[in-house]
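**Student:** Before we start, here is the structure in question, set down as structure tokens.
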Amino acid sequence: MATAASNPYSILSSSSLVHDSAIMQQGSPFRNPQKLLQSDYLQGVPSNGHPLGHHWVTSLSDANPWSTSLGSSPLDQQDIKPGREDLQLGAIIHHRSPHVTHHSPHTNHPNAWGASPAHNSSLTSNGQPINVYSQSGFTVSGMLDHGGLTPPPPSGTTQSLHPVLREPVDHGDLGSHHCQDHSDEETPTSDELEQFAKQFKQRRIKLGFTQADVGLALGTLYGNVFSQATICRFEALQLSFKNMCKLKPLLNKWLEEADSSTGSPTSIDKIAAQGRKRKKRTSIEVSVKGVLETHFLKCPKPAAQEISSLADSLQLEKEVVRVWFCNRRQKEKRMTPPGDPQQHEVYSHSVKTDTSCNEL
């Protein structure tokens with residue numbers, strides 16, 4: 001019988017594990033586990049002279065009773081057993097850590113503890129085999145702490161495959177910032193658009209062009225005809241930011257063309273080519289307005305001959321007199337509510353008043 005100093009399980013047998021000291025005395029197969037081969041183990045078992053020990057080894061090698069539970073024979077697999085200090089800490093402090101961990105093909109770790117096929121069982125001095133899985137210190141619950149018979153993967157592998165560490169660095173933000181910085185150089189701000197719209201309206205009125213003239217001029221110069229409503233909405237800042245940015249350079253070029261052509265001998269022709277020039281508003285003197293008002297009270301809708309004779313007497317264009325009578329009739333309709341006296345009665349009363357005023 002070997003001494004207690006040569007038994008690596010002597011400390012555990014007296015403290016945490018409930019094993020017979022006589023059972024765990026055989027320690028020679030575990031002294032150098034990395035040097036012990038399967039052939040040496042098979043040669044050493046029959047020399048003890050116990051028939052059950054030899055029968056146990058041969059039956060495992062032939063019938064393979066472990067195939068139904070663990071997938072392969074313990075003699076064909078490479079088992080992993082911790083050393084002395086690991087067993088002591090696992091039994092006394094960490095009660096949940098397994099004393100025996102099967103080494104399966106899924107968890108092949110070359111840098112694990114020293115492995116040997118002889119670690120699956122221990123022999124007593126009489127040569128009787130002891131199955132360590134049947135002892136109280138090696139319960140099934142200890143083997144199933146990590147779920148099933150499959151041992152947990154090494155900690156290094158788990159940490160290296162952590163989802164957070166596997167996530168690639170997102171460079172989308174960097175690309176978007178780069179594109180944003182590039183676009184900011186060309187895209188004007190809302191304040192710049194507001195200031196340009198104000199200046200454009202002032203310069204357009206100063207040059208004598210309507211909003212429709214600008215739309216036609218853009219179609220003549222650049223091939224994009226814009227309506228009067230579009231130019232109006234641009235000046236009122238009622239277009240979308242994207243459309244404002246698209247329309248701003250076109251209007252800016254049109255202003256540059258209009259300013260450069262001003263003062264030259266052919267400035268009128270160039271401006272007329274850009275679009276329909278705005279007609280100047282006709283200003284009528286107060287005395288002339290009185291004469292027209294008198295004729296309107298007499299005849300709200302004069303004939304073409306009367307308009308021509310009146311235009312000649314007032315030294316006005318025939319079109320100006322015609323437009324004035326047309327606007328005056330529209331004004332009368334807006335001012336006269338329904339149900340009032342007939343217009344000819346009002347006109348006759350007004351004629352007398354106006355005649356007296358004119359004579360004065």
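The backbone N, Cα and C atoms fix where each Cβ goes, and this holds for glycine too.
Below are the features listed in Swiss-Prot for this protein:
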REGION    98-130  region 'Disordered'
COMPBIAS  118-130  compositional bias 'Polar residues'
REGION    143-191  region 'Disordered'
COMPBIAS  164-182  compositional bias 'Basic and acidic residues'
DOMAIN    185-259  domain 'POU-specific'
DNA_BIND  277-336  DNA-binding region
REGION    332-360  region 'Disordered'
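Surface or core, plus neighbours and distances: that's what I need for these features.
**Tutor:** The DSSP breakdown of the domain 'POU-specific' (185-259), given as helix, strand and coil counts, is 57 helix, 0 strand, 18 coil.
Residues belonging to the DNA-binding region (277-336) score a mean pLDDT of 87 in the model.
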